[in-house]
Structure formats: C-alpha cells, structure tokens
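Q: One structure follows; several queries about it will come next.
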Amino acid sequence: MAKITIIGAGLAGSEAAWQLAQRNIPVRLYEMRPHTMTPAHQTDHCGELVCSNSLRSDDHSNSAVGLLHQELRGLDSLIMRCADQHRVPAGGALAVDRHAFSAAITEALEQHPLIELIRQEIVTPPMEEDGYTIIASGPLTAGGLAHWIEAQVGKRMAFFDAIAPIVSHDSIDFSKAWKQSRYDKGDGNDYINCAMDEAQYHTFVQALLEGEKVAYKEFEANTPYFDGCLPIEVMAERGVETLRYGPMKPVGLTNPHKAEKSYAIVQLRQDNKLGTLWNMVGFQTKLSWPAQKRIFATIPGLEQAEFVRLGALHRNTFINSPTLLSETLQLKTQPRLLFAGQITGVEGYVESTACGLMAGRIVAHKMRGEAVSIPPQTTALGALMRHITGEADATHFQPMNVNFGLFPNFTERVPKKQRKEAYAQRALTHMQQWLQENS
C-alpha cells in the first residue's frame, strides 16, 4: 500500500497521521523543526501550542468548542486524549501542561509502527499517483512551500487575516436596526443597518481612539497593513470624519425608525448561507476583546448583541477553502491533494485538530475504496467542515472558530435560554447515529 504524505506535525497533521495509522495505513509525516524553526515555535515537539495553553471551554452542554471536544473524544482523537491526560486546573476550561502535552503527542507518533516521522523541510510536496498528500503546514506557512501552494491555488491565498466581528442574527434589536441594501441594490435587504446620530458617532469614535489595543507578537511586527483592511481604530486616527466617509457612510439608506437623516451607519453583511451570522462590515480591529464588547455594544441595535467572533488582525496563512476545496477537503483541481488545519481557514487549536481528524478519516476511506461520509451539519464537526467548504461567504472569507451560529436552526421554537443545550443534545445524538452508520 502506498504511504500517505502529511506535511506539518502540528495539531492537524499529527491528528491526521494518527487517524490514518490507526486504520492500518502507513504515513510519512514531515516536520521541518528543529532544522528549520518558525518565529513562534520553541521546541521540535509535534503539536506544540505556540500561544495559549488553553483549549477553551470544556462544557459540552453550553459551549460549541466544548461540544467539539466531546465529539472528538468519541472519534479517538489523539490530541484530545493527550489533552485529557495532561490537563491542569483551569475552572471550566480544558488547559494543559504545554510541554507534557506536546511531548506525549510526539511520543505516540514516534512509537506508532505505521508512522514515519521525518525531520525535513518540504518545498515541493511529493504527489504520488496511488496515494494522497495532506498539507497541514499551519498559519506560519512561508517560503518555498507557500510559493508552491500559491502556484496551485492562484491568488486565493492570504498571509494576513483581517477579521471583523460576527454577530448572531437573533441577538440584534430590530426595533432600532433594519434590513436594506445601499440604494436598494441586489435584493434590497442584503444588509442590516444600525444608525447613529452625530453625538453617538463622535462618542463612538472617541471610544475607538481610547480603547485598549492588542500588541503584535514579535513575528508579526513588520507585517504591513493594506489600505483595504485597515483596523477601524487606525481609520479613526486618520480623522474624526474618516469612518463616516468609509465603512460607516450613511448615503443610500433610509432609517424606517426615525425621520431625521442618519449621521453614520454601521452595516452588517450576511456571513453564512443559513443567515444566522452577520459580519460587521469594515470593522476589522486590533482592539482587545473586552474593549470590542464594550465599545460595539454602544451601537444602536447591538446593545445586547451576541458576538460569536470578535475582531482581529494577525499573521495567518490560509486559502479560500469555500472556493478551492470539496466537502472532503480535497483541492478540486487536484483531488490527490488535501488541506487540513488552520491553512483551511478554521481558527483555533481544537478546530485545527478537528479538521486534521477529518482529513485523516477521509483519506483512509479513499484508500480503502469506501464511500466518504461527513458528519451531519447538526454536529459541531459537521457544521465546521461545511462552513469552510461551502457554507461561508467565499467573497469575504476569513478564519472562523466553531460556534452555534454555524448550526442549522430548529424547525420548532426553542426558548433562547435553552437553545445552546438543545443544540448540544441534538449534536451528540446525531453524532452517535453517524458513528453507528460509519464505524
């Protein structure tokens, strides 16, 4: 049997290798460290956590990422097994002893008889006619490999993300907000609009200028801004009126709630096909998360908004997966090539693990000539996979954490306070059914 090639032994690559080897499929796992280090890594361990040691909430009843933890445990995830073995006290979060965690992953991979861990930088991935290659090189993919990937995907690759906050549709106050496209173009209701008067606008701009910012990490410091994705607070620094002539311009829109003309308008654009998530247009930011929640809650209509994703700008290499990848993570133009982890546009340790797990399972089925089945969209894993391979807005695609806004709504009414738990119960039931059908 041909060996499968995996490039990158981070969380996604390590998990993909484990899933394949556990199904008796030999794997060549390439990791360039320690011979070539990244600006962020400190060791040569597989699955090294380069930022926080937290895998976020472990509450599977009220947290989408906690639900994803539980689903991954049921799928024999190596990463989750090592995390549970080396967890440290962190309240309701799953935090780990960073060194022991990555050392355990490395040991498991090195000792598996079907995994060959090769310490070598790959610039041109090997493409075998009877095998598959999984690229899981992570958010710091650079150099020759980045150039090779860019040659395969064209211009649909980014090296810096510009993430605007995303709001749950159900949490927007439509006694103040309204749906309308500028000059009533398109369907006429393509945007949600939140109007400000002059006093509200000037208070908002001042809050942006005074809000605490997140410092760049050392390896991000020299990454330039692009005029098309300036942080909103940087635009505010260029002049008090800049925003109302930019992303907050009020022209072409009529507020049905007030007769007087709006001084500035915040627009939100639909971010997924389900219509459950709405993106704050032009609001990419380096404000701290507490500052974002405080300042953006002053926008009329967003006072009680649920932010399923907050804004950020940082170094991040990722492809436009909704355009490029099939639902099985295969490059549409080269089906023998798969992508997994943060390079696909999933955001976060657990999401990268989940993507790697699915890539490994998919290739295993392909190698055996078996039909491939993706978990239903009602599960955390299925919702995340469908988001990056087609449900997301490809025109404005940016990395995404797992969240309940990716899940289909219920056909029957569920009270808001019970909704998260209901999502979780439905997900675990459907995942169990899927596992029984796809064991």
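A Cβ is built for glycine as well, from the same backbone N, Cα and C atoms used for every other residue.
According to Swiss-Prot, the feature FAD binding site maps to G8, A9, G10, L11, A12, G13, an assignment based on sequence analysis.
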Q: Take the mean position of the Cβ atoms of G8, A9, G10, L11, A12, G13, the recorded FAD site. Which other residues of that chain put their Cβ within 8 Å of it?
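A: These residues sit around the FAD site: I6, S14, E15, A16, E31, C46, G47, A136, S137, G138, A340, G341, S352, G356.
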Q: Which one, from the binding-site residues A9, A12, has the smallest tally of other C-beta atoms lying within 10 Å of its C-beta?
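A: It is A9 that, of the binding-site residues A9, A12, has the fewest other Cβ atoms within 10 Å.
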Q: With every protein chain in view, how many other Cβ atoms are within 10 Å of the Cβ of L11 (FAD binding site)?
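A: Its Cβ shell of radius 10 Å holds 33 other Cβ atoms.
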Q: Within the chain of G8 (FAD binding site), which residues six or more apart in sequence place their C-beta under 8 angstroms from its C-beta?
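A: Listed in sequence order, they are Y30, E31, I135, A136, S137, G138, G341.
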